[in-house]
Amino acid sequence: CGYNMTIGIIGLSQTVMGILGNFCLLYHYLLHGHTKGRLRATDLILKHLTISNSLIILSEGVPQTVVAFGLKHFFNYFGCKLLMYVQRVGRSVSICMTCLLSVFQTIMISPMNSCWKDLKLKAPKYIGFSVSLCWILYMVVNVIVPMYELYMFGKGSVENIVKKRYFEYCSANEQKKINGLIYVALIVFPEVSFTMIIIWTSGSMVFILYRHKQHVQHIHKNNTSHRSSPESRATLSILILVSSFLSFQTLSSTFHLCIALTDHPNWWLVNATHLISVCFPTVSPFLLMSSDSTLSRLCFAWIRNTKFPNLITKI
């Protein structure tokens, strides 16, 4: 009982902070897009990353928090299927957007004599298309996987079903059926590929920033008061965001693998896995705010007005 209460309090704190942070960022991007007419390419990617992170928190963080406080089986069959669909789409799009952000920033900061030079002018034009393609692709893929599993299960072809996982917030008869080959081909392989691309582009960004710093120090060797460029600061901010994603993604994947290889995982492992899965969606908006003082002031003002509107009005 005390253990469940502790997990519930941690999950509730994580969920509330994540919802406030992501909704605040989403409000900023919507307001900025309305007043400015058009978002920058990086802001467009970050807006959709924020939306996908919000889906993860709402579809995974909220149900697990409710379960920790003792309420179970509050979703029927169709509700549980819908919830798992939203979880998968949110997770897949989050990885896709992080990869797109990392690749785009690497292209934009690369020197004109690099192999990326031809893409520097073209890349911003294709960001909107890439974002839309990512959403459409994963919305379709995450429909195909359960439909195929349901078809195979109906035929009685259960030899490919490699794992069943029970969710406490689903009805007693609901289980998650995973077809090994299809799941690996449509879900695991793209995620691993995106992760490898993120690692490669992150390394490229670090190398480019290091070369740029050496160049600037050589030019300003007699001037100790020079400051880093806005482009370098933006790249560093994205590097911090991407590095935190890779850290939490590796940790989450490790825990998920432990669960997959265990026939009867203990509840500590299950709860820790769910908490870690929501860590990146929770901390990512605050990492972005910490690198932009204007954004952080706007967001904290929005949160204050949201929580205490009457008090602010009186003041």
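Glycine is treated like the rest: Cβ placed from N, Cα and C.
Here TrEMBL flags 21-288 as domain 'G-protein coupled receptors family 1 profile'.
Within the same chain, residues 39, 43, 46-47, 50-51, 53-54, 57-58, 61-62, 64-65, 68-69, 271, 274-275, 278-279, 281-282, 284-286, 288-289, 295, 298-299, 302-303, 306 sit at least 6 positions outside the transmembrane segment (6-30) and bring their C-beta atoms closer than 8 Å to a C-beta of that stretch. Look at TrEMBL and you will find 6-30 (among others) tagged as transmembrane segment.
Sequence annotations record features per position, and here TrEMBL assigns transmembrane segment to 51-71 (among others).
Positions annotated as transmembrane segment by TrEMBL: 91-114 (among others). When Cβ-Cβ distances below 8 Å are used as the criterion, the transmembrane segment (91-114) is approached by residues 41-42, 45-46, 48-49, 51-53, 55-56, 120, 123, 127, 130-131, 134-135, 138, 141-142, 187, 190-191, 194-195, 197-198, 201-202, 204-205, 208-209, 212, 231-232, 234-235, 238, 241-242, 245, 249, 277, 280-281 of the same chain, each at least six residues removed from its ends.
Per TrEMBL, transmembrane segment is recorded for 126-148 (among others).
Within its own chain, the transmembrane segment (181-210) has Cβ neighbours under 8 Å at 88, 92, 95-96, 98-99, 102-103, 105-106, 109-111, 141-142, 144-145, 148-149, 160, 232, 235-236, 238-239, 242-243, 245-246, 249, counting only residues six or more beyond its boundaries. Annotation comment: TrEMBL describes 181-210 (among others) as transmembrane segment.
The transmembrane segment annotation in TrEMBL covers 236-262 (among others).
Annotated transmembrane segment per TrEMBL: 268-288 (among others), in sequence order.
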Residues of the parent chain within Cβ reach of the transmembrane segment (268-288), under 8 Å, 6 or more residues beyond its termini: 7, 10-11, 14-15, 17-18, 21-22, 24-25, 46, 49-50, 53-54, 56-57, 60-61, 64, 68, 91, 94, 237, 240-241, 244-245, 248-249, 251-252, 255-256, 258-259, 262, 295, 299
